[in-house]
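Here the structure comes first, spelled out in structure tokens, and everything after it is commentary.
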Amino acid sequence: MAGIRVTEVDWLSRKNGAAHHTQEYPGPELVVRRGQAFTLVLELNRPLEDQETIIFTVETGPQASEDRHTKAVFQVSEPEADKNWTVVEEAQMENTVTVSITSPSNAAIGRYLMSTRVSSRRKQNDRKLGEFILLFNPWCPEDDVFLDSEEERQEYVLNDSGIIFRGVEKHIRAQGWNYGQFEEDILNICLSILDRSPLHQNDPATDVSRRHDPIYVSRVISAMVNSNNDRGVVQGQWQGKYGGGTSPLHWSGSVAILHKWFKGRFKPVKYGQCWVFAGVMCTVLRCLGIATRVVSNFNSAHDTDRNLSVDKYVDSFGRTLEDLTEDSMWNFHVWNESWFARQDLGPSYNGWQVLDATPQEESEGVFRCGPASVTAIREGDVHLAHDGPFVFAEVNADYITWLWHEDESWERVYSDTKKIGRCISTKAVGSDSRVDITGLYKYPEGSRKERQVYRKAVRKLFSVEASGRRTRIRRAGGRGLWREDLLEPAAKPNITGKFRMLEPPRLGHDLSLALCLANLTSRAQKVRVNLSAATILYTRRPVAEILRKSHSVRLGPEEEKEIPITISYSQYKEDLTEDKKILLAAMCFVTKGEKLLVEKDITLEDFITIKCAHPGAPGEGLGPVQ
């Protein structure tokens, strides 16, 4: 009798694609999700005899092995509730066999090669059937990435477009972003990102074996979306100079960036800033099957020295001293959240995990951030993996201002410590509206619980014990401060101040505003006000000073006064960046030595004039350009 072999395979791509929510991938390979059965039809050169059975082999990556769970050999059997690959015969008609194959819910994701042979007395070689791609499965309850809401799966896995929020806390703007995870070649490029990582280049067999774990995969992607250590996808640029590349403001989606990186033989694409890194990472993680969303944090701290405070050094005009100030507060910062279980931490930390591909600080020697459990951040458990202190500071650091004197001494100045981590935002499920998720990251600002969590985080980070052992923080100029001393705010002065816009800030026009000062006491007070203004990037890094002047003001008992301020278009037009932002500062010196710093970030709007031509509507309308 002739030897038996598989002559043809029908991958049933349409049927399997619909069942696995993968029909949007353009192919040509079958794309399925782990932990869920998929069906194949095999054609043989003759019918199977009773004692003959088909043996399947699947393998992924180089040096695939059963020990590393990157290779499996299995044959038709009864369904088993174990963690191995299984195959069940569904039908047999003459030379055709229909089988249902199920992968483990913790199988490594990636590109697999499938081959078969038929058990018989004759020696047989495996016949390669072809390749298929296995992805994470948010529909499978046993998968670590399982998300128990169909509406959220549709939004965070299958939606190929979205909204990224930018701007400033008081003026949040929405930008559309095309994730395009189902566009031509994007899935192949996302798998290439994993293969281009240094971890894969150095030890491919181990790297592939770890691709079962969303913690590992997401951390690799976080490092590879930026180019700092690894010729990753996007090169960052925050200096406002974009020669030889594309301004970050000009990208509107991930597809062009990923295609450019891939076709350019993995040369980093110029240029990106935080929302670009977050948009690209959202594409990659959704493409691989991990539910992911983009999150924007307004007044976002960048804490470089891990002391959970943003320490800003200013001169007598409130101008930031760049040489001394290592920390910063960005007008906004954008990162990702992905949904998966934390087998390394325990079930109470399952759910949304912060991931950030913007290269800000190194994590274990590589520019990457996360995954950090959002629950752990809210509860102040900053000692847990990964990068808890940095993320906690981004949303909940205290903002501390230090006035630097010419004799190199400094003193703390009262400013708003509550300004960090405002209006944390993401796109709503099923609509383009903005949802405020600040409550997921921290308790209400200034509440007793929020202060308790902050103190807990400080003590966890610095091992400050009840016995009074304290950790010394090195500060500028080689001096040191006790971390516990920073837990108490600076004394509140007897005046208040705030800037008020008198007219909307319009690009191409003079700026008109006022500094409003109020005396909180029943006695008169003299105040010296040093005003300054500078054009800035969205990271609040100064570009050029455009205003500096001083005023002396006498405030009667409980009196309020306004100091009018005008900044002409000619003063700012040459130094304004594409971010179109200006930072105003007023350092106020009160009679009894009290000091108050007042700041305001201004974003200039582009306006267009529309003239109505039809009768009965002769007026003009002004509206911002989105």
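Quick reminder: no glycine exception, Cβ is built from N, Cα and C everywhere.
Listed in TrEMBL for this protein:
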{"type": "ACT_SITE", "residues": "C274", "note": "active site"}
{"type": "ACT_SITE", "residues": "H333", "note": "active site"}
{"type": "ACT_SITE", "residues": "D356", "note": "active site"}
{"type": "BINDING", "residues": "N396, D398, E445, E450", "note": "Ca(2+) binding site"}
{"type": "DOMAIN", "residues": "266-359", "note": "domain 'Transglutaminase-like'"}
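Known features from TrEMBL, placed on the structure.
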residue : record              : CB count, 10 Å
C274    : active site         : 27
H333    : active site         : 27
D356    : active site         : 31
N396    : Ca(2+) binding site : 24
D398    : Ca(2+) binding site : 22
E445    : Ca(2+) binding site : 15
E450    : Ca(2+) binding site : 17
*Nearest to E445 (Ca(2+) binding site) by Cα, among C274, H333, D356 (active-site residues)?*
H333
*Say you check the Cα of E450 (Ca(2+) binding site) against those of the active-site residues C274, H333, D356; which is nearest?*
H333
*Give me the mean pLDDT over the domain 'Transglutaminase-like' (266-359), rounded to a whole number.*
96
*asked:* Considering Cα atoms only, can you say which of C274, N396, D398 is the nearest neighbour of H333 (active site) among these recorded positions?
replied: C274
*Check the Cα-Cα distances from D356 (active site) to the recorded positions C274, N396, D398 and tell me which is shortest.*
C274
*For D398 (Ca(2+) binding site) and C274 (active site), what Cα-Cα distance in Å is obtained after rounding to a whole number?*
22
*Take the C-alpha atoms of C274 (active site) and N396 (Ca(2+) binding site) and report the distance between them in angstrom, rounded.*
19
